[in-house]
Amino acid sequence: MDPYRRTRVNHPTISVYSGVQPPDWSHQLPRRRAGVFEVLVMVFGLLAMLALLWFMSLEGGVISTALLAVAAFLPFLVVMQVLAAVDRWEREPWGTTAILAIWGGGIATFFSSIINTAFALVVELATGDSALAETLAVIVAAPIVEESLKGLGVVLILWKRRHRLNSILDGVYYAAVAGAAFAFIENIMYFMQGAMSDGIGGVGILFVMRGVMSPFLHPMATSMIGLAAGWTAVRMAQRSTGFLLIPLGWLAAVAIHAAWNATAVLSSPGTWVALYLFFHLPMFVVWMLFLRSASATEAKVIARGLQTYVASGWLLPNEVQMVTTRSGRKSAQAWAKQYGKPSHDSMTAFLNGCATLGLDEEIMRRLGPDPLRVEHDRQVLQDITQHRQVFLQRAGVRI
């Protein structure tokens, strides 16, 4: 039997036995503001990205730049697929994801290139040692400058949209997206240098080193800043105290980045392999295990938060199962898909909206009501009701 061919609650009601009351936050709702900051980030980030690609095309040609961009896109695609799998319960808005990607691949990469180059030139002029200047630029300047610029965008953008952060995993996801986009553009630059100096063989070596063995370096490092920002937004009642976590996240990001760069620059081949196998690779495995654990915890938090909506009649118990289990989601989307794309799209939006409500319910239960979050959740509740009507009507279910 289809999960929706059951008696439904046609209007919200309260169970007198549950002892649970529906969310009731009495706050005057603020007006929506245009995202001027986000628009500026998009414009200047795209211009910075295009400028970098233009400079590379001047050096190596348009066709070579395009081919190297395709090569750099492959590890970027793998990273984004992994991040999407981690973020499966409550998908982040594509607009915010795009903004963070453009910041990382455009603004952060552009200004990092300028500052790192300037640092190396200053050290070389001061010491007369170009090798020392290059080493210090890679080990000292690059981790500090790059993680600072990537992290600045993460903190600013997430602060502007803090009411859209629903879990610490959201902060990790957005920061990792910025890091992945940074690595994508930087890989094109490195591949171009390898092609100019050693031809296709140089590109191949760099692809293995950066695209196969360390595609998650930048996402993992910058995710430390996102973890701190996400924890501050959804776990800390006193935001001023919570902001002390962000410098700690930045220090962790710089340390991870510097450790990798130092290994690459200072180690002999044998030492490099040993450090990779027994230090860097285990660190990556621990990071992935953390993401998996955080994702599993997020599903439980969603289920707990949605019980209020079940008790008040907005959701059915089986809908909570649909939202918070892999099998439930897969079955629900397969069921909706047989009635056409609009039905499938509405089901997907319904599942995502319910997850948002569950997470936000737990946040406001812990920290108290947030007017921006309340306004957003009221809209989400209205949206999921409409999405439910769409896929039920498409399936011919009487409502």
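Using N, Cα and C of the backbone, Cβ positions are placed for all residues, glycine too.
Curation does not apply to TrEMBL; its annotations are automatic.
As annotated by TrEMBL, transmembrane segment applies to 36-56 (among others). Same-chain residues lying 6+ beyond the ends of the transmembrane segment (36-56) with a Cβ under 8 Å from its Cβ atoms: 65, 68-69, 95, 98-99, 102-103, 105-107, 109-111, 113, 153, 156-157, 160, 185, 188-189, 192.
The transmembrane segment feature in TrEMBL is assigned to 62-86 (among others).
Residues or ranges marked as transmembrane segment in TrEMBL: 98-123 (among others).
Among the features that TrEMBL reports, transmembrane segment is placed at 135-159 (among others).
Residues 49, 52-53, 56, 59-60, 64-65, 68-69, 71-73, 75-76, 79-80, 83, 86-87, 92, 96-97, 100-106, 108-109, 112-113, 146, 150-151, 153-154, 157-158, 165, 203, 206-207, 210-211, 215, 217-231, 233, 291, 294 of the same chain, all 6+ positions outside the transmembrane segment (171-192), place their C-beta atoms under 8 angstroms from a C-beta of that stretch. For 171-192 (among others), the entry in TrEMBL reads transmembrane segment.
Within the chain, the transmembrane segment (212-234) has long-range Cβ neighbours (under 8 A, six or more residues past its boundaries) at 75-76, 78-79, 82-83, 104, 143, 146-147, 150-151, 154-155, 158-159, 162, 165-180, 182-183, 186, 242-243, 245-246, 248-250, 252-254, 256-257, 260, 276, 280, 283-284, 287, 363, 367. Annotation source TrEMBL lists transmembrane segment at 212-234 (among others).
TrEMBL lists 241-260 (among others) with the feature transmembrane segment. The list of residues near the transmembrane segment (241-260) in space but at least 6 beyond its ends in sequence, with Cβ under 8 angstroms from a Cβ of it, reads 139-140, 142-144, 146-148, 150-151, 155, 214, 217-218, 220-229, 231-233, 235, 279-280, 283.
Residues annotated as transmembrane segment in TrEMBL: 272-291 (among others).
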Same chain, outside the transmembrane segment (62-86) by at least 6, Cβ under 8 Å from its Cβ: which residues?
53, 56, 169, 172-173, 176-177, 180-181, 183-185, 187-188, 191-192, 195, 203, 207, 210-212, 215-216, 219, 291-292, 294-295
Can you name the far-off residues of the same chain, 6+ from the ends of the transmembrane segment (135-159), with a Cβ under 8 Å from a Cβ of it?
37-38, 41, 96, 99-100, 103-104, 107-108, 111-112, 115-117, 119-120, 123, 165, 171, 174-175, 178-179, 182, 218, 221-222, 225-226, 229-230, 233, 246, 249-250, 253-255, 257-258, 261-262, 264-266
